[in-house]
Each structure stands twice: as structure tokens, then as C-alpha cells.
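Read through the structure below, which is laid out as C-alpha cells, and then see the notes.
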Amino acid sequence: MTPQIEIASVDKHYGAYHALKDINLTIPRGAFTALVGPSGCGKSTLLRSIAGLESITSGNLRIAGTEMSGVPPRKRDVAMVFQSYALYPHMNVLGNLTYSLRFKGFNKEQARKKADEVAQVIGLTELLERYPRELSGGQRQRVAMGRAIICEPKAFLFDEPLSNLDAALRVHMRMEIRALHDRLGATSVYVTHDQVEAMTMADHVVVMRAGVIEQQGAPLELYDNPANKFVAGFIGSPAMNFLDATVAEDGRSARLEIAGKPVLPLARTLQPGREVTVGLRPEHLRIDTAAPRLQVPVRVVESTGSLTYSTTETEPELMIVEQGRGRYRAGETLPLTIAPEDIHLFDPTSGTAL
Amino acid sequence: MRRILSSVTDGRGFDILLVSITMIFLLALSGMPLVYNVVMSFQEVDMFNLNTFSRPYAGLENYREVVSQPEFGLILKNTAFFVFGSIAGQFVLGFALAMFFMMRFPFAATIRGVFLVSWVMPGLVVGALWGWILAGDFGVLNAILKGIGVIDSTMFWKSDPRLSIWAVTIANIWLGLAFNMMLLSVGLAAIPRDLYEAAELDGANGWHRFTTMTLPMMRSTIGAVLALGLIYTLQQFDLFPAITEGGPANSSNVAQYWAWQYSFLLFDFAKGATVSVMMLGFVLIASIVYVWSTRHEVRG
């Protein structure tokens with residue numbers, strides 16, 4: 001796969017603040033890449049650096065093989081969809097769509113023709129004469145996308161484009177953006193703080209924290225093999241449960257540091273007596289009345305009908321998700337088990353996966 | 001009793017009370033003198049009938065006389081020069097400064113605040129200041145212009161009939177500059193930054209961004225600033241007595257100073273009123289532009 005965007009050893013300082021630390025990232029042509037992380041992790045800064053709206057302090061940034069440091073945004077041939085949409089309020093939809101074309105030597109007729117094509121693609125044909133203030137949130141979002149695709153850029157950059165939409169529309173637009181990406185064969189970089197968006201939309205997910213890439217890879221790869229405790233806790237919903245534990249004398253099981261000191265068998269051998277952090281995904285903890293590995297009292301049970309979320313009385317508390325309606329109520333004791341290969345182990349000090 | 005009281009404190013009664021206080025204030029202190037002034041411009045007024053309201057009706061006689069004064073054309077020309085020169089200078093320089101202070105450099109906001117000094121100073125003080133700066137033989141401006149080689153001989157800003165209107169106009173530009181800059185800064189600050197970023201990614205260079213984003217987004221602010229500039233410039237009086245007194249030979253005289261000269265130097269109140277009524281027409285047009293351009297301040 002040809003790389004479309006190559007980022008090598010990129011650093012960014014804002015005065016004393018180190019916003020991006022040695023970022024290395026290659027985005028293949030046609031890929032949908034999500035940058036995800038909590039706020040302040042540097043994902044937006046990285047995206048804006050690709051766009052040229054922020055300058056990088058050191059390192060290399062190439063788009064389609066051309067070095068971009070020092071190149072102004074207008075010459076980078078990338079398009080961005082902003083969180084606020086940044087539609088031009090004094091222009092109607094047609095004006096918004098064709099604004100970039102006037103700098104590319106299109107005449108009025110050609111621009112109109114092109115705008116009609118794009119409007120067709122994103123379903124805006126009826127709205128070309130409207131002004132942004134007369135559009136709904138979803139329609140504004142579409143105009144912002146149309147404005148991005150009309151100039152056929154080398155890359156699409158999305159900066160949390162769905163965060164201003166309501167939940168139902170967000171799920172819908174998620175699919176629409178991904179479908180549009182596939183149809184255009186575009187290269188997209190998508191910034192979001194919502195790991196569900198990242199997991200469902202992207203081919204490649206980059207998890208960032210405090211200016212550092214913690215892990216990157218295919219969505220399920222991150223889910224199955226998180227490189228550290230941060231990624232493990234960030235990917236997956238509800239979040240992974242973490243418990244302190246000690247490796248038992250046989251080296252093949254771990255004793256959890258909660259009431260009753262239950263022992264879980266491990267899929268591998270570790271040094272006996274070693275302290276570890278055990279990560280258990282809520283959906284991997286199963287109710288098992290026949291041979292339960294741990295018995296925990298339930299404090300709260302919440303059911304959506306299709307799924308039941310139980311929170312335990314233990315310290316720290318555990319979250320368990322089960323399919324369908326729960327059989328246990330608050331105050332009762334849950335008999336639980338977990339497959340040894342579903343248990344994640346981390347070093348308690350560094351947080352790295354073992 | 002309680003109903004009446006509550007209608008005063010939180011009902012329509014209170015609203016009406018507030019509005020009527022304002023209206024009475026406006027009618028008594030602005031409306032009445034205005035009407036009185038207009039009426040006076042159609043009457044024969046002399047020192048003997050000054051204290052009565054029923055004076056002989058003069059029809060358009062006052063207007064005919066004012067228009068036929070030999071200095072009328074010159075003063076009209078001077079007023080136009082003063083008004084448009086001042087507005088153009090204040091607006092262009094004010095806009096440039098406003099854009100300059102939008103750049104984020106250390107102490108930008110503080111330095112911008114310091115500019116307001118020129119605006120808070122009384123007109124007479126500004127007039128005196130510029131009177132010294134523009135002085136012929138020992139003025140700072142001449143010294144600078146000579147020093148950098150722009151002029152060879154001394155320019156008599158205040159006493160040369162070809163330059164005197166420039167003297168007051170320059171002083172007035174300086175006086176109104178900060179006000180223009182502040183209003184335009186507010187307008188500029190209200191434009192979201194990401195619009196510029198989006199335009200930049202769309203391929204617009206600095207000039208394109210200024211003409212296609214800044215100017216259209218500032219339309220209502222610009223309309224308001226220009227209209228207020230016209231109103232304030234037509235109101236500008238203090239600079240004239242302080243710098244040129246309208247002279248020499250009316251070469252820097254403008255309508256507002258002329259009206260004052262008629263009323264309070266020559267005690268011809270009817271002509272003074274006539275000149276000010278003529279100006280009222282212009283101010284009215286400016287006011288309409290101002291109200292019209294601020295009518296939808298909400299941005300889409």
C-alpha cells in the first residue's frame with residue numbers, strides 16, 4: 001500500500017508545553033484512520049499539523065510524497081471538516097460548496113456543474129439556495145462534507161465532526177461518512193474522543209495520550225491485545241475492570257485482592273508471588289452457577305432489556321455485562337467465571353501488558 | 001392594591017414606566033429643542049423677540065439668505081472635505097490598526113487600550129495639542145517633515161488657506177481613530193477563527209480571506225462605524241476654536257462652526273438655526289443608515 005501521509009519523529013511545542021512527542025505514523029492511501037484519546041491528548045493538534053494550521057517544531061510530514069513542513073495550508077491540497085462545521089454564514093450552500101473552486105480556475109458554469117454533482121452525492125440538491133442559518137445540524141454537517149469533497153483533496157481531515165449532533169443522527173452519519181469514504185476511495189483522518197466511533201469507522205485506530213501514541217492498529221487488534229492498561233481501559237465499553245492480584249505458588253493462577261481472595265486460572269505461567277494488575281472485560285465475565293470462580297455481591301443492576309449491567313459491592317467495584325435480562329437482583333451474590341485466555345495482565349507500575 | 005403593585009414590579013406597568021421615563025427625557029431635552037430650532041429657521045428672529053415664541057413668519061427667507069452668502073459654497077466644500085476626509089482617514093487607519101492588534105503579540109491588548117487615550121481626551125485639549133504640533137515655525141510636524149526631507153520650506157498649517165482645512169481634518173482623524181479601531185476590533189473578534197482556517201484550506205490567500213470573509217462578515221459593523229463617524233464628525237466643534245477658528249478667511253470653516261458663529265458671534269439666531277437644520281438632514285440620513293445596518297446584529 002502506498003503511503004499517503006507519512007509522519008516521522010514529529011514534535012510540537014507550545015512554549016514550554018510539549019504537545020506532540022515523537023509521533024510516527026504512516027497512513028496508507030485509501031485508509032480510514034482514527035485518532036482517538038481523551039481531551040488534551042494531542043489528537044486535534046496532530047490533525048491540525050497535517051492540515052498546516054499548526055506548525056510542527058521538528059520532524060517530517062509528507063503528504064503524497066511531498067514534504068509539507070513550511071507549506072501553507074492552502075497549498076497542501078487537504079480538506080477539513082470542522083467540529084463547528086465552519087460554514088461561511090454569509091454564503092448560501094452553493095456559495096459554500098464552490099468557494100474553493102474559485103481559487104482553482106473554475107468558471108461559474110463549471111463550478112455550478114461540480115456543485116450539482118456533489119450535492120447529488122450528499123443529498124443537498126434541494127438546499128443549494130439556503131443559507132447555513134436555515135439548515136438543521138445534520139444538513140450543515142452535510143454541507144461541510146460537500147465542501148470537503150468538492151475539491152477532490154489528497155486527504156480528508158475530520159475534527160470531531162459528529163459531536164454536535166444528537167445520538168441517533170450521530171450513528172447514522174457515522175455510517176454515511178464511512179460509506180462516502182469508501183465510494184470516493186479517499187484517504188481520511190478522523191479525530192474523535194469517542195472510542196466507539198473510532199472502532200466502528202476506522203481501519204486503523206491510533207490511541208493517543210498526553211502527546212504520545214500509546215498504540216496503533218486494527219480496531220479489534222487493540223481490543224484483543226491492548227499494549228497497556230491505558231489502551232485496555234480506553235477501548236471497549238463499558239470499560240475494562242482492573243484488579244490488583246498476586247501470582248499464586250503454581251505460577252498458573254492469580255489471587256485477586258478483593259474480599260474472599262478468589263483465584264483465577266491463567267493461560268500462561270508467571271513467576272510465583274509477582275504482583276500484577278488483572279484486566280477483566282465486563283462482557284467476558286460470565287455467570288456460571290455450576291463452577292463459579294468468584295462469588296461477588298451485587299450492588300446495582302441496570303437493564304436495557306437487551307443487556308444487563310451489574311455493578312458489584314466489591315472494592316474496587318466490578319462491572320459485568322450479560323445478554324438479555326438479568327437473573328440476579330441487587331443484594332444477591334453473582335457466581336462468575338472467566339476464560340483464562342480472556343484475562344489481561346499488566347505490570348502494576350509501568351502498566352505495560354505482560 | 002396588590003394587583004396594582006405587582007403590575008408595577010413585574011407586569012406591563014413597570015415596562016411602561018421605564019419606557020415613559022426615557023421618552024419624557026428624550027422629548028424634553030432633545031425633541032423640544034429640535035423642533036424649536038426648526039421652527040426658528042422659518043421665523044424672523046432678532047434681539048427684541050428672542051424671549052417670545054410668536055415671531056413673524058419668514059418662510060424660506062432665511063434659507064435663501066444662507067445659500068446666497070458668498071462663503072456658502074466654500075463652507076459646503078470644506079464641510080464635505082472635513083467629513084469625508086475624517087471618516088476615510090479614521091476608518092482606513094482604524095481598520096488597519098484593528099487588524100494589526102488582532103495578531104497575537106505580547107501586550108497587544110494593553111497597547112490597544114492605550115490608544116483610547118486620544119478618544120477620552122476633551123476636544124479642546126486635543127485641539128490645543130494639535131495646535132502646537134502643527135505650529136508653523138516651531139511645530140513638531142514641520143520639524144519631522146523637514147528632517148526626513150519631505151518638505152524644504154516651512155508649512156503654515158494653520159494660517160495657509162490651502163492647508164488650514166487639512167490641519168483640523170488631521171487632528172480629527174487622530175481624535176476619532178481609537179473609537180473606530182475599538183468598534184472594528186469588536187467586529188473582528190466576533191468572526192470565528194475557524195472560518196479563516198476553513199477558507200485557508202479552501203485555497204484562499206490573505207487578500208482573498210480579507211475580501212471574502214472579513215469584509216462581508218463585518219458589513220453591519222462597518223455600516224455602524226461609518227454612520228457613527230459621520231454623526232460624530234458633523235458634531236465636531238471643539239477642534240475649530242482651538243486650532244483655526246474657521247480661518248483664515250473661512251478657509252477651514254465648516255457648517256457646524258458657521259452655525260455657532262451666526263448664533264453666538266453675530267447673534268443672528270435664525271440663520272444659525274437654518275444652518276443647523278440643513279445639517280440635520282445629513283445626520284438624519286446617517287442615522288437611518290446606522291439603524292438599518294445594526295438592525296440584524298445576530299450572525300447566522
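Glycine is treated like the rest: Cβ placed from N, Cα and C.
Bear in mind that TrEMBL entries carry predicted annotations, made automatically and left uncurated.
Now, the feature entries from TrEMBL:
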DOMAIN    B:76-290  domain 'ABC transmembrane type-1'
TRANSMEM  B:12-36  transmembrane segment
TRANSMEM  B:80-101  transmembrane segment
TRANSMEM  B:113-133  transmembrane segment
TRANSMEM  B:165-191  transmembrane segment
TRANSMEM  B:212-232  transmembrane segment
TRANSMEM  B:273-292  transmembrane segment
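Outside the transmembrane segment (B:80-101), and at least 6 residues removed from its termini, the chain residues within Cβ reach (under 8 Å) are 108-109, 111-112, 115, 165, 168-170, 172-173, 176-185, 187-188, 214, 222, 225-226, 229-230, 233-234, 236, 254. Per-stretch counts of Cβ pairs under 8 Å to the transmembrane segment (B:113-133) identify B:165-191 as the leading one among B:12-36, B:165-191, B:212-232.
For the transmembrane segment (B:212-232), same-chain residues at least 6 beyond its ends with a Cβ under 8 Å from one of its own Cβ atoms are 83, 86-87, 90-91, 94, 99, 176, 179-180, 183-184, 186-188, 190-191, 195-196, 199, 204, 282-283, 286-287, 289-290, 292-294, 296-297, 299. If you look at the transmembrane segment (B:165-191), the same-chain residues 6 or more away from its ends with a CB under 8 A from one of its CBs are 78, 81-82, 85-86, 89-91, 93-95, 97-99, 101-102, 112, 115-119, 121, 123, 126-127, 130, 134, 157-158, 213-214, 217-218, 220-222, 224-225, 228-229, 232-233, 236, 239-240, 243-244, 251-252, 254, 299.
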